[in-house]
Amino acid sequence: CHSLRYDRLYSRRNTCLYLLLTWMLTALATVPNFLVGSLKYDPRVFSCTFTQTASSSYTVCVVLIHFLVPLGVVSFCYLRIWTLVIRVKGRVRPNPKVRAADLRNFLTMFVVFVLFAVCWAPLNFIGLAVAINPAKVAPNIPEWLFVTSYF
């Protein structure tokens, strides 16, 4: 369908640039942690980790930018794909081989998305709860809940 565009977008050179950009953005995303002072050793998880009580506004921003916005964008995209599939279902000639492979790929990507949401939701929702009232909420979160949400 778009093979010429694909070859141009994902050439060896562009793929290397995408990887470099990904690593640069990842490194850039850690810089605010050092400015806010939100990285501290947490003996509950035996690791240097993001301290949700360091700054409420920063915690909310992290949850929004790193969890809720990606979750919303991907949910919107899946909803659009699903509505398009339902809308054109009757107009497309059935091809069992292509249809099965496409459905399997779609479901695999959807499962990865659901696993992302399920794995990261507890830690992010705990972060939002702590950001609302750090002094009251943080001490009341059971240690087992924090540790299991971290891993």
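Here the Cβ of each residue, glycine as well, is placed from N, Cα and C on the backbone.
Per Swiss-Prot, the features are:
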| type | residues | note |
| --- | --- | --- |
| TOPO_DOM | 1-13 | topological domain 'Cytoplasmic' |
| TRANSMEM | 14-34 | transmembrane segment |
| TOPO_DOM | 35-58 | topological domain 'Extracellular' |
| TRANSMEM | 59-79 | transmembrane segment |
| TOPO_DOM | 80-109 | topological domain 'Cytoplasmic' |
| TRANSMEM | 110-130 | transmembrane segment |
| TOPO_DOM | 131-143 | topological domain 'Extracellular' |
| TRANSMEM | 144-151 | transmembrane segment |
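Sequence-distant neighbours of the transmembrane segment (110-130) (same chain, 6+ residues past either end, Cβ-Cβ under 8 Å): 52-53, 56, 59-60, 62-63, 66-68, 71, 74, 78, 137-138, 141, 145-146, 148-150. As a whole-number mean, the pLDDT of the topological domain 'Extracellular' (131-143) in this prediction is 86.
Taking H, G and I as helix, E and B as strand and the rest as coil, DSSP gives the topological domain 'Extracellular' (35-58) the counts 5 helix, 8 strand, 11 coil.
Cβ atoms under 8 Å from those of the topological domain 'Extracellular' (35-58) belong to residues 126-127, 130-132, 134, 138, 143, 146-147, 150-151 of the same chain, restricted to positions at least 6 beyond its ends.
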